[in-house]
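Each remark here refers to the structure printed beneath this line.
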């Protein structure tokens with residue numbers, strides 16, 4: 001194999017390893033609960049990786065991160081399995 005092919009293969013394997021979560025769940029499930037910048041009080045759910053459960057929190061309505069679900073069922077489907 002040429003060195004170019006080997007470098008391409010190494011790069012693809014590195015990319016695959018970085019994008020594959022170790023736990024089998026999406027990386028967004030590892031993010032902390034973040035209420036965001038606004039002041040609305042929207043009941044929402046986030047996955048808590050320490051307790052391995054979906055928990056309720058109040059979302060402010062803007063900003064925040066992807067670990068934010070409208071329903072506990074959506075949180076379970078995404079992060080619990």
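Each residue's number is its place along the chain shown, starting with 1.
Keep in mind that glycine also has a Cβ here, set from the backbone N, Cα and C atoms.
Annotated features, as they stand in Swiss-Prot:
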- 29-79: disulfide bond (DISULFID)
- 38-62: disulfide bond (DISULFID)
- 54-75: disulfide bond (DISULFID)
- 29-79: domain 'BPTI/Kunitz inhibitor' (DOMAIN)
- 1-24: signal peptide (SIGNAL)
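Location within the structure of each feature annotated in Swiss-Prot.
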{"residue": "29", "record": "disulfide bond", "DSSP class": "helix"}
{"residue": "38", "record": "disulfide bond", "DSSP class": "coil"}
{"residue": "54", "record": "disulfide bond", "DSSP class": "strand"}
{"residue": "62", "record": "disulfide bond", "DSSP class": "coil"}
{"residue": "75", "record": "disulfide bond", "DSSP class": "helix"}
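Counting other CB atoms no more than 10 Å from each candidate's CB, the disulfide-bonded residues 38, 54 peak at 54.
Note: the CA-CA distance between residue 79 (disulfide bond) and residue 54 (disulfide bond) rounds to 8 Å.
Considering other CB atoms within 10 Å as the measure, the emptiest surroundings among the disulfide-bonded residues 29, 62, 75, 79 are those of 62. Of the recorded residues, residue 29 (disulfide bond) and residue 75 (disulfide bond) place their C-alpha atoms 9 Å from one another.
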